[in-house]
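Per TrEMBL, the features are as follows:
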type	residues	note
DOMAIN	41-288	domain 'G-protein coupled receptors family 1 profile'
TRANSMEM	25-48	transmembrane segment
TRANSMEM	60-78	transmembrane segment
TRANSMEM	98-120	transmembrane segment
TRANSMEM	140-164	transmembrane segment
TRANSMEM	194-216	transmembrane segment
TRANSMEM	237-262	transmembrane segment
TRANSMEM	274-290	transmembrane segment
């Protein structure tokens, strides 16, 4: 049996988002503003939920975990992107690239699990309101969050092992602005057919495993809402889950397209990744604060106390 070729590449080079220095400066300002808004928005949501006792409910417990994840998710890619936008040579070490692959899958995978858990919470609140307190106990909520983190870490570990077992010999230019495993496939000088199949299988298993419970929960939710005779009652019931539904569409829509479509290296891939990893963490706190009366009331209460 022949000896396996070992990787000779120690670093990778990103093509980035633009080759024009003037455009890069504008993009730097844009993404710096987005990162600051994402950080402030999610930190504000975390502080508001912690400060207001009326928000110490299962729904907001899950939302606080989602906000923390969005902080982590955006911090995995945006700081490095900001650095590269001001650098002539956009490089990343092989170890740093693999670490980024792991944390992208870990944070996004945990977020997918949490969105699924939050769908079940909305199902319990709308379809089983009288038993909601018993169904969504503090102990169960904590277990669901721990399971979400555990499943996502296991999935990310599998993906990381795929990256570690790939050989990179000559090509080192990544046609992307961040390290994602599909973007590394064209650079490998070893047979990666099994890697592609495992990534596709893992993405389908994790994606569908978290999306199907959401679909089933909302099927029951919609059925329950439609059975409410009062228009006001239907509107109130729908408003309790509309924010979560928007977050699900934004996250899973771009996520499925990113990981289930073959990478083409086109600007479409970059736009999908930007929406998935940059825009979604920014939008989540806006969605939940602008569309949620309880959060808006808590923010006004806190601002009125200190201003």
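Even glycines carry a Cβ here, placed using N, Cα and C.
The stretch in closest packing with the transmembrane segment (98-120), judged by the count of Cβ pairs under 8 Å and taken from 25-48, 140-164, 194-216, 274-290, is 140-164. When each of the listed stretches 140-164, 194-216, 274-290 is scored by C-beta pairs under 8 angstroms to the transmembrane segment (25-48), 274-290 comes out highest.
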